[in-house]
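Database features, via TrEMBL:
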- 390-402: compositional bias 'Polar residues' (COMPBIAS)
- 89-340: domain 'G-protein coupled receptors family 1 profile' (DOMAIN)
- 369-402: region 'Disordered' (REGION)
- 73-95: transmembrane segment (TRANSMEM)
- 107-130: transmembrane segment (TRANSMEM)
- 150-168: transmembrane segment (TRANSMEM)
- 189-207: transmembrane segment (TRANSMEM)
- 233-260: transmembrane segment (TRANSMEM)
- 281-302: transmembrane segment (TRANSMEM)
- 322-343: transmembrane segment (TRANSMEM)
Amino acid sequence: MSHLVSAGFKHKTLQKTARLQQGPGLFITSLHHHNKTMSGYEHNHSLDYYNGTPWYLHECTLQLRTAGDYRRIALFLVYLFIFMVGLLENGLVVWVNWRRRHSANGVLFCIINVSLSDLMVIVILPFFMMEVTMDKVWLWGRFLCKVTNLIYAVNFYSSTFFLAFMTLERYLSLTRPSFPAFFPVVGRRRWVLCGGLWALSLFLALMENVHVDLLEWDEPGCYMMPEHNYTEWFVSVGFLCLIFQFLGPAAVIVTCNVLLARAVKTAPDVQGRRDVWLVHVYSLVFVMCWLPFHLVMLLMVIDDIDPFLLSCNTVELLYFSFNVVQSVSLLHCVANPILYNFLSKSFRGNLINTVVDYLPREGPADWVGAATRPNAPNGGGLDPGKQRKLSNASTSQSDIGS
């Protein structure tokens, strides 16, 4: 099973793809993780036979080999789409907003950090696209194995952290203007909090990355495989991921957006039902991207705690679907720039102004004359004294409450 070097979970692939040769040409799927979690006596006495066949061969009836070939093609295309579209979108967001990073309000400051975080994982996607194509084989050495996993894991947490703080900041700025901002423009508070969120993301990522290494099986692969206390590590990482990356941020995002939707109805500068509907879309997109991933991960953790609780077919389907839900989760790199930037009038205006700033200063006479007239669009983009200045208004959430 081929998938991203995902925040400490890649060792699960190794468990389910271990092969034992049983006679000429016959390979069976080995429950490799049982050897890691059970004593030798328990393991030997747990392999109950039915008509001379081990239980894990008798109960497994799913044939996923052909489906696996189609899955690799589909995953490659999904990753290619995320790479091309996400790189363009997040690159534009950072390019337009970067000059305002010091003077931006808290919401825009979080948006910049979300886009930077998403850009980090988008840049390393080509490695994972090739890994998918070659069916989990890793050809780029131990250093890139650990570095790409670390970058992915940091993004895994940081993007969600800043998204949650952005939603909370937006809600408080609209409903309680007197409440102190989390990321104030003046002072060091925003930089301390920003650094703290990145440091927390790095700490959680290192807890997983410390056990990631290049392992030789039939072919080299990049996996998380602790030498000791395997089950304890995997269960701990799974629950940390569930709590810090999903449950906590989801509670903040969904709650604040529900309350924000109620407040937006009474705001004088909103656009009616569109703004109220859009606020709920933010929550829906977040849940749709991350809920399938965490449901599969939770069931995998349960299977590790009690290997015989789930049927063999269920376990095989879980491992088969892990790559799919992981690729779905990465769609947030494409959705976030659209929802929080490109639907914003102020962002679109700033994008136009930024492009105009980079246009050649000299051109045909009619272009210069038109651009310098008092009624020219964007305030006469070629006249330095009349250029439209970048706005510090939020580019988030379609200018609700801006």
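Every residue, even glycine, has its Cβ placed from backbone N, Cα and C.
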Interface-richest range of 73-95, 107-130, 189-207, 281-302, 322-343 toward the transmembrane segment (150-168), CB pairs under 8 Å: 107-130
Contacting positions for the transmembrane segment (189-207) when only residues 6+ beyond its ends and CB under 8 Å are counted: 7-8, 106, 109, 113, 150, 153-154, 156-158, 161-162, 165, 182-183, 237, 240, 244
Interface check, the transmembrane segment (322-343) with the transmembrane segment (107-130), three or more C-beta pairs under 8 A: yes
Segment confidence, the domain 'G-protein coupled receptors family 1 profile' (89-340), expressed as mean pLDDT: 89
